[in-house]
Structures are given as structure tokens and as C-alpha cells.
Ligand SMILES: NC(=O)c1ccc[n+]([C@@H]2O[C@H](COP(=O)([O-])OP(=O)(O)OC[C@H]3O[C@@H](n4cnc5c(N)ncnc54)[C@H](O)[C@@H]3O)[C@@H](O)[C@H]2O)c1
């Protein structure tokens, strides 16, 4: 055996005996990662920013299982070494690398096709999503500045709340940097759709996988507008059922915040919803046809600059944005309420950057 090879084997064995320190990028484990990378499956490169959090961890786990992902970068300001070591042992195709702290943000982002952002603080009982604004607005700004610099062509899935304001913030950051592509910035409202499908299925007594409820508007309180008149398969609801379902879908997040009693907001169902949405984006990037999901995007569907509605996902991101379709009287009233609150939240986001 050549001495170079022998040295490599010794280095690999000693890397197992003396696990890496927290400087993930620098350690001798790096060589092992490179070895594994050669065996990685072909696919997309995905980064999760806020990967060590309540949403970030199950989201990282589920993305590691996604066969469309070849490289998975996990970035956070805390605890990524542990999360990365843990998830990297899963025998799925994606190669996982961890990045810790802002000095490693650029390496985490470079070359990525899709960025998923669940970074930020979650709600506690009594807080609205808007109360999170100050902290999360600053976090989203920093992360988007990094994206503009290192992977301006990547699709961005923004989860950090308040989505109604953080998406306009991200748009302003990208505009300032000259990299804004409205098709590639998507606020994740999939959890509202997931909840709507579940609650409607409960009322109808059917399997939620057979139900598709469009949810439009935004992602907070009355801005969440389920279009129960457009549920598939076609069905009808009494006025009482409509009121119950609309309220429950709008307050779904608060239901979880209260049940968790101070321990945060939805994380597991959110991770599921985020992966469902990210998977749709990746299938779109791959050239798949007829991929339609709801998302909060730059829009001309109403007079507001951003609005959630059904979008068709393709190679360029949200390639087509669908009109709302016929609304009933209950939904028309809901739409007016939603637009009023949305307008303020959008303006708040824009002003945060333009101030
Ligand atoms: N879009 C939705 O439907 C939806 C649903 C639920 C929660 N959320 C939002 O998602 C966010 C995360 O929720 P969570 O429960 O996972 O919170 P969490 O506190 O458990 O995790 C957030 C993670 O973000 C990290 N973080 C903080 N600052 C960062 C920075 N500058 N760069 C990178 N990472 C950073 C933290 O270290 C932490 O690991 C919150 O804003 C929450 O309101 C959105």
C-alpha cells in the first residue's frame, strides 16, 4: 500500500476516534465529507437557514430524505454541528454539510439552487405574528443580503414570520442589490393549505389527501382566506360550517401556540408543509408540468404588490400566477378585510428597508 493511502486511512480512523471540533469547515472530517460527496446522487443543492431550530431540524431531516436533493447545507447561528452530524448518518442520497455562524454564511449559500428560510423567533402565547417583526425583519435582511451576493439565481422559500412583511423585506433587499427576480421569491403559506385540507376533510368525513383547498391572501389572521367555494372535489358547506372552517383555518397557528403554552409555535406540521412546498419547487426546477401550489408572491391579482394565490411552479420559479376565480359573498367580504390588513403589513416591510 502506498504511504499516501495509508496516511489517509489513519486520518479517517483517527477522525472517528477524535470527533470533530465545532469548526466544522476546518476539521479533518472535511476529507470524509468529500469522500461521501463523490457517492452522492445527482440532484439539486438546497440550503436551510435556521436549520437547528424547531422547524429547521425536522425540515432538515425531511429534506435529507428527498430524492431530488443531492447536497444539503445546514446553516444556523447555533447547534449546526450536532444537527449536521446526526442527520448526515442517514443513508439517503443527499450529502449534508453544516455551517455555523455568520462568518460561514457565504459558504453555506454559494452554488445553491433553493434556499429555505425558517430562521427567526417563533410566537409565544399572546403574541401576533406582527409582534415578531422587529427581530425577524433584521434576520431576514442579513440572510437575503447574503443570498443576493452568493446565489442570486436561487429560488427562495421564506418561512420566517410575519411572512406578509418578510417577503416585501426580501424583495427590497434584492432590488437594492439589483438581483430581484419576483418569480424566485416565494412566501411559504403551505401550512394554511395543509390545515385547510385537514379541517375540511374532517368536516366532510373523507381522507385529507383527497381534498384540495385554495387558500389566498396572506399568512396571518384575517389575511388567511380559504376559498371554500372552490374546494376539490366539489362540495358545499352550510353557513355555520363555512364560519367554523374559516375561523379554524385562520386561527390554526394560534391553536398550536396555545397548546404548546410558551414552548413555541407550529414546527412539525410546518416542516411537513415546507417540505411539501420545497419538493414542488424542485419538481418545477426539474421541468415538471402542471405543478400548482399556493404561495405569497409578487402579484397583480389584486391592487396589492404581494398576494398569496395559486401559482404554477417551473424552471424559473413561480412562472404563472392564477386569478382568484369566482368568489361567493362571504369570500368577497373576507377578501376586503384581508386586503386592508395585508396592505399595512406589506408597507411595514417595505418601509423597514427604505427608511
Ligand atoms: N410560514 C409559516 O407558516 C410559519 C409557521 C410556523 C412558524 N413560522 C416562523 O418560522 C420561524 C422559525 O420558527 P421555529 O419554531 O423554528 O423557531 P426556533 O426559535 O425554534 O428556531 C429558529 C432558528 O433560527 C435560528 N436563527 C436565529 N437567528 C438566525 C440568523 N441570523 N441566521 C440563521 N439562523 C438564525 C435560531 O438559532 C433557531 O435555531 C419563526 O419566525 C416562526 O414564526 C412560520
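Each position is counted from 1, following the chain as shown.
Cβ from N, Cα, C; glycine included.
With DSSP states grouped into helix (H, G, I), strand (E, B) and coil, the domain 'Lactate/malate dehydrogenase N-terminal' (45-187) comes out at 66 helix, 30 strand, 47 coil. Annotation comment: TrEMBL describes 45-187 as domain 'Lactate/malate dehydrogenase N-terminal'.
Among the features that TrEMBL reports, NAD(+) binding site is placed at 50, 51, 52, 53, 54, 55, 56, 76, 136, 159, 160, 161, 270. Annotation note: residue 270 (NAD(+) binding site) sits in a helical segment as assigned by DSSP. Note: residue 270 (NAD(+) binding site) has non-local neighbours 55, 59, 118, 159, 191, i.e. same-chain residues 6+ apart with C-beta under 8 A of its own C-beta.
TrEMBL lists 123, 129, 161, 195 with the feature substrate binding site. Neighbour density for residue 123 (substrate binding site): within 10 A of its CB lie 21 other CB atoms from the protein chains shown.
Along the domain 'Lactate/malate dehydrogenase C-terminal' (189-352), the predicted structure has mean pLDDT 97. The domain 'Lactate/malate dehydrogenase C-terminal' annotation in TrEMBL covers 189-352.
Summarising the annotation, TrEMBL assigns active site, proton acceptor to 219. Within 10 Å of the C-beta of residue 219 (active site, proton acceptor) there are 28 other C-beta atoms, taking all protein chains into account.
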Round to the nearest Å and give the CA-to-CA distance linking residue 129 (substrate binding site) with residue 219 (active site, proton acceptor).
9
From the Cα of residue 56 (NAD(+) binding site) across to the Cα of residue 195 (substrate binding site), what is the distance in angstrom?
20
Hey, of the binding-site residues listed (136, 160), which one tops the CB count within 10 A?
160
Can you give me the same-chain residues 6 or more apart in sequence from residue 52 (NAD(+) binding site) with a CB-CB distance under 8 Å?
74, 76, 78, 79, 80, 82, 83
Cβ under 6 Å from ligand 1: qualifying binding-site residues of 52, 136, 161, 195:
52, 136, 161
Please report the DSSP secondary structure of residue 195 (substrate binding site), reduced to three states.
helix
Proximal residue to residue 136 (NAD(+) binding site) among recorded positions 123, 161, 219 (C-alpha distance):
161
